[in-house]
Amino acid sequence: MANLLKTVVTGCSCPFLSNLGSCKVLPGKKNFLRTFHTHRILWCSAPVKPGIPYKQLTVGVPKEIFQNEKRVALSPAGVQALVKQGFNVVVESGAGEASKFSDDHYRAAGAQIQGAKEVLASDLVVKVRAPMLNPTLGVHEADLLKTSGTLISFIYPAQNPDLLNKLSKRKTTVLAMDQVPRVTIAQGYDALSSMANIAGYKAVVLAANHFGRFFTGQITAAGKVPPAKILIVGGGVAGLASAGAAKSMGAIVRGFDTRAAALEQFKSLGAEPLEVDLKESGEGQGGYAKEMSKEFIEAEMKLFAQQCKEVDILISTALIPGKKAPILFNKEMIESMKEGSVVVDLAAEAGGNFETTKPGELYVHKGITHIGYTDLPSRMATQASTLYSNNITKLLKAISPDKDNFYFEVKDDFDFGTMGHVIRGTVVMKDGQVIFPAPTPKNIPQGAPVKQKTVAELEAEKAATITPFRKTMTSASVYTAGLTGILGLGIAAPNLAFSQMVTTFGLAGIVGYHTVWGVTPALHSPLMSVTNAISGLTAVGGLVLMGGHLYPSTTSQGLAALATFISSVNIAGGFLVTQRMLDMFKRPTDPPEYNYLYLLPAGTFVGGYLASLYSGYNIEQIMYLGSGLCCVGALAGLSTQGTARLGNALGMIGVAGGLAATLGGLKPCPELLAQMSGAMALGGTIGLTIAKRIQISDLPQLVAAFHSLVGLAAVLTCIAEYIIEYPHFATDAAANLTKIVAYLGTYIGGVTFSGSLVAYGKLQGILKSAPLLLPGRHLLNAGLLAGSVGGIIPFMMDPSFTTGITCLGSVSALSAVMGVTLTAAIGGADMPVVITVLNSYSGWALCAEGFLLNNNLLTIVGALIGSSGAILSYIMCVAMNRSLANVILGGYGTTSTAGGKPMEISGTHTEINLDNAIDMIREANSIIITPGYGLCAAKAQYPIADLVKMLSEQGKKVRFGIHPVAGRMPGQLNVLLAEAGVPYDIVLEMDEINHDFPDTDLVLVIGANDTVNSAAQEDPNSIIAGMPVLEVWKSKQVIVMKRSLGVGYAAVDNPIFYKPNTAMLLGDAKKTCDALQAKVRESYQK
């Protein structure tokens, strides 16, 4: 049995397991009884995972012994990551001292400190430099490696065959960090790029140190200082890093490369790309340029000779894999430069690009300072070690993704750009057998990959296909149809009163359109709340139809009283909630307010009317005009924070004046007045109670509930008006118009009522937020619509009361069912559009009442609210790049979606802990926070507000970026942040802040996904293609705070999770925000 087990173990493909067969049993001091259960191993049907548990493996980090080498293979953060994964880590004493990492730092991260021999004998050894002779121990490091162990290091196998022979004798498996394929999936573990990035930056710093003038140009009292001119040859990682650093220091930067893509990158950094007249592509393999033709090189030399006479600093990075670096600048060119110039040769280790370079030295040749250091990354040891450590930890996690066992498989058959390609390219020796170089992968892209057109480019091409004639013809057709419709209304008008009402409706709609567009997005929530309150003027319709004495005496009067009661809930509750929200936007530095003084115009308006009425004047129509203008002022007042409270006051004055004018025109008896007052008082009391108790985070469902009341009031009013007017239809010339408007108002009110209730249920959590996609729902909705439209035929044709009231009852039921089926098919994340559409419906229902009762006030206010909701719906749809029909019918996909296969997202994500996040926050000077609905759901606005306050006190620039559809109703996040005390002037909209992301040090994404998804711009086939998003990935660093890597509402994977500048801080949003707040406070109190 022992032999059988030994055979199984030694035959395993993972080199660590082969050691288990030859392990020694150490004698112990006590005797133990051990039962050897073989049957569970031999006959168990459960599959056995390949590899070896992480907890049984030790990772060793030796001290680098190469001369002047200051780097270390793993930073304390890297150690912590491996320990968290399950590895045991041992670090040689003093290994990180030159990189400013003490032994105590490593101990705190979970590592053990041991000697060189013990560390090198680990299962897996990670190094920076390749193994070499240890002069202190008098033995080669390769001879100290564990037999059949694994080594990860820079190896350069083509240049070090002797080293490979030594490693082969130890049966080592070797992963060469210099052989990581330069493919997209491997960007996170490309150590050559990491080191080149540091070398490029350090080259500019050294050049500036040895250059005798400023880099940036200056005009001083002592004279003008011209900017330094820098030429950078080679647009790889090092060259681009140099260009970015030099440009940020104010120099004039020029860049040269044989590859067109590299020249574009130079241009994007603000450098001037240089080209020769001869056109020849320099695209090579593995991220390097190819060798060029003789003619091209001659033209290149001519360009360089000219540039040497002009520039002050030369930085060259040109390399050819496996060969000596090409000489690009001869001695004559260098000597033609101005005295005091500096040249930095980043290719010095491979011989150098300058004929005058002395590798590893700094010297001056005829007044030109030459920097030929070959250890530039080591001269920034802390940063270099941190990046190299990140490369290694990401590589280990990528090649062995299993959570329990360490295992990877080396295959000779693999596709280009896959993990199989990465593993096979990186592993240069397996179990002592040299397998370098790797075989050619399959499916290699031919030449440079075709650049996929962005969504913006596709949209521009689509727009270009529309000819000016077609564009003008479309516009002319729209105006023709509109004017034809107006002519039709004039011909069909039964009387002059209808034409006047249409005129009022049209002008009010235009005024509302232009007024609402001026409202700042931050005040969209108060706007919806105040329109909710104003829509309570459906009470006017109820008052006009009320009758009886202390109690209603007929069915129609009872319906009217109920409509008045319901509308009063809206009025009182809506204005109080609006006032609460606006009070939250107050800042401590704002001047005092005396809003009670607006009682003066309110008293003058209402009191003056009552005095005029007592004097015998009938000025109800003028009162309606004044009330309508006040309602316009209410919407206009919300255009800015400074006038928002005035707007709410004007809304109250307008509604109060309208109700007073209605009562004055009716002149009810005392008993009926008592009934009216009682209905309004009871409704108002209930509305105030609800508004006082509601939490601001529950505002969307409150708005939805209030919308349902408006819809129900419209239905009740229309049915009551039909019942009251029915006896007069035979002699009334406008009877048909009255019937049509009553039928239309009933339909709109029914959809608004039931749709709002479903929206309320979804937002409150009573109903599931997910869309309810009934089979054949479109046919069902079409049938309900056909039934509703068809019902008007018998309603208009049959003059009997029974038929009429039956048709109104039927359309009420059908529209209510349709409101349910439509809204239930819409997911919770689309509720902003649903609420704004319902808001618009409530306005059109109010207009229908205005036409029905021939009331100018209801028509004016209804047009305002209807246009307000329509504009907000349009804004929401534009923010999602979706059509209104797509949202309302429960559809998916934007108007720009191409319909092909979405791009595949590959790569690994980076996870950090709270301490890492605090370090990033502490180091950042400019921070943007982009919250999503997750912030609302977790109610994490308070710790975030306190965090922002602390960071601002430390001199950091902290702002918020809000997407229009980030919450569950327009402007919800603005109100929540205001509630927590965040000043509104640091809360910016998407269009205001998107251009600032490239200059931002850190972005905190809290509970957002689709609104920051780069697939909207990068993938034309994505269902969110073309959707405007917050471009957070353009910042220097992003921290995404989410529960998991799961998709958002649109069910689209987010590429930013896998971008190299993104770190994932996973966990509950509220707990994470609380912890961040506490950690930041603790760090600043030290």
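The backbone N, Cα and C atoms fix where each Cβ goes, and this holds for glycine too.
Note on Swiss-Prot: of 228-248, 501-521, 921-941, 1047-1067, the range annotated with the feature transmembrane segment is 501-521. Of LYS117, LYS224, ASP257, GLU300, all annotated as recorded positions, the residue with the shortest Cα distance to LYS1042 (NADP(+) binding site) is ASP257. Note on proximity: among ARG182, THR184, ASP257, ARG259, GLU300, the binding-site residues of the record, the Cα nearest THR1011 (NADP(+) binding site) is that of THR184. Take the Cα of PRO970 (NADP(+) binding site) and measure to each of the recorded positions ARG182, THR184, LYS331: the nearest one is THR184.
Residues 489, 493, 527, 628, 632, 635-636, 638-641, 847, 850-851, 854, 856, 859-868, 871-872, 875, 962, 964, 970-971, 974, 989 of the same chain lie 6+ residues outside the transmembrane segment (501-521) yet bring a C-beta within less than 8 angstroms of a C-beta in it. When the C-alpha distances from ALA1069 (NADP(+) binding site) to the recorded positions ARG182, THR184, LYS331, LYS1079 are tabulated, the minimum falls on LYS1079.
Each residue in the topological domain 'Mitochondrial matrix' (579-595) gets a DSSP state, and the totals come to 7 helix, 0 strand, 10 coil. In the structure shown, the C-beta of ALA1069 has more C-beta neighbours within 10 angstroms than that of any other entry among the binding-site residues LEU1045, ALA1069. Between the CA atoms of LYS331 (N6-succinyllysine) and THR184 (NAD(+) binding site) there is a gap of 39 Å. Annotation: LYS331 carries the greatest number of neighbouring Cβ atoms among the modified residues LYS224, LYS331 [cut-off 10 Å, Cβ to Cβ]. Note: the stretches the transmembrane segment (646-666) and the transmembrane segment (833-853) are not in contact (fewer than 3 CB pairs below 8 A, sequence gap of 6 or more). The transmembrane segment (702-722) shares the most Cβ pairs under 8 Å with 740-760, out of the stretches 672-691, 740-760, 778-797, 833-853.
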